[in-house]
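Peer 1: Take a look at what Swiss-Prot says about it:
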- GLY2: N-myristoyl glycine (LIPID)
- 93-117: region 'Disordered' (REGION)
- 98-101: motif 'PTAP/PSAP motif' (MOTIF)
- 98-113: compositional bias 'Pro residues' (COMPBIAS)
- 109-112: motif 'PPXY motif' (MOTIF)
- 349-366: zinc finger (ZN_FING)
- 372-389: zinc finger (ZN_FING)
- 457-535: domain 'Peptidase A2' (DOMAIN)
- ASP462: active site, for protease activity (ACT_SITE)
- 564-584: region 'Disordered' (REGION)
- 575-584: compositional bias 'Polar residues' (COMPBIAS)
Amino acid sequence: MGKTYSSPVNPIPKAPKGLAIHHWLNFLQAAYRLQPGPSEFDFHQLRKFLKLAIKTPVWLNPINYSVLARLIPKNYPGRVHEIVAILIQETPAREAPPSAPPADDPQKPPPYPEHAQVEPQCLPVLHPHGAPATHRPWQMKDLQAIKQEVSSSAPGSPQFMQTVRLAVQQFDPTAKDLHDLLQYLCSSLVASLHHQQLETLIAQAETQGITGYNPLAGPLRVQANNPNQQGLRREYQNLWLSAFSALPGNTKDPTWAAILQGPEEPFCSFVERLNVALDNGLPEGTPKDPILRSLAYSNANKECQKLLQARGQTNSPLGEMLRACQTWTPRDKNKILMIQPKKTPPPNQPCFRCGQAGHWSRDCKQPRPPPGPCPLCQDPAHWKQDCPQLKADTKGSEDLLLDLPCEASHVRERKNLLRGGGLTSPRTILPLIPLSQQRQPILHVQVSFSNTSPVGVQALLDTGADITVLPAYLCPPDSNLQDTTVLGAGGPSTSKFKILPRPVHIHLPFRKQPVTLTSCLIDTNDQWTILGRDALQQCQSSLYLADQPSSVLPVQTPKLIGLEHLPPPPEVSQFPLNRSASRP
């Protein structure tokens, strides 16, 4: 079954996309001449055909209806053939020169001269006394004067509309003139919005009917460009001015809302600035008095607000607010001099630190000298904290003594999850000191004192010893040994060990910089070389005890139940020293 089309609700169907309004009005006038009248189905087929015809290269302006009739397919549904045939019949009559006098001069006797087709003008129209209407070019000084008057006004504001309306009345511009004036005065966005609103107003005016407007002679914009069509030109000018009042966004202009009264500005001057800003920012027709009264109180300074609140005139008429604040004058602010303490004059005596006069010792820029020689290197020129021997070499990374096999990826991921989901601290590479379960923790080191060459020696790593022990043969001959008491595993000892209050340097195989100790114990019997916790803490190293593979002991069936069949337990020698030294 075919589609059912009801009677049109809107008597004026919408024009197809891409077709000018005046062309669509020509098709509508021809369609309404059909007997019987057209249906909605006829308008639907007409719009469908025109959409296809617009895309063809034969679509011209003005339209050649004879060529257009050839594009209609045979047996095309609807009454499109009849509508185009009516337009073909009306075309010669419309193109014929007028045989009647123009409406502006009905008293002119015949014969009437044939008016040649005038090209659309783009300049203001001049109406000299006793002469036909002509055009003259826009002068730059006129355009600049108009733009200077509206430069501080928003498009659509009362001051803007007043200036533009006076310019339109003085120059009597055509449609093309108004378009050029809009491009010169406003931005591209405002011009685009104005053009859209103007097209809507023109479509409504052409539909309702305008005195002297002929739809077959072209759109209103083209007819308004004719100097002789003064009535149509006035109608187009009114529509062009009305399009400014419907521009969106003019009421949201925040320039006038940000005007504040200064702390010393008179209230009358502040209200005058508000009044000018509202004239330039508010669109035409918007009530200005309520906004002006509200801003005059809310944007005033605190002193004027207190005066208006005390008199109950926060929302009174503007004249009463001006009279209330008329007697107010800015307060005189006395300048207060800041009292500053007088500086103590510099002394005439020399500084106790640098020996120069002109400043106190507390203001001296020379650093304080050390009280004595450095206890590490015996240099009297610097403090102990500035000793170069304490400054570690942070540029180079320390080498590992032992390369351990890397863990498997799944083991490392499981550890990261247990330690906090993979969040790790910055990497720090520590040297590893390997130990053996079968041997004592022995490490080959080199020991040196000030102005002596390093001497190699085998040292025992003892984490239980508080202080490092060195044999007596490594001690320099001029050393000043002091008596001390050492508490070890065998009890206190007072004669076996001496303390050496002298810096000693221990070179480890896994460090580039030596470990410097301020003092150490000297074994007078030349028996022990022990690295205590004082040296190991400076190493920042880790002790590594390798896992030994498990071994299966041969077990024979015992004849008797007991432990006689098992081998004797291994004998492990104990560490010979676990002592603490007390320094004098």
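Cβ from N, Cα, C; glycine included.
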Peer 1: Do any residues, 6 or more residues outside the zinc finger (372-389), come within under 8 Å Cβ-to-Cβ of it, and if so which ones?
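Peer 2: For the zinc finger (372-389), the nonlocal Cβ contacts are 450, 503, 516, 518.
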Peer 1: Give the residue counts of the zinc finger (372-389) per reduced DSSP state, in the order helix, strand, coil.
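Peer 2: The counts are 0 helix, 0 strand, 18 coil.
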Peer 1: If you average the pLDDT over the motif 'PTAP/PSAP motif' (98-101), what number do you get?
Peer 2: 44
Peer 1: Hey, what's the Cβ neighbour count for ASP462 (active site, for protease activity) at 10 Å?
Peer 2: 22
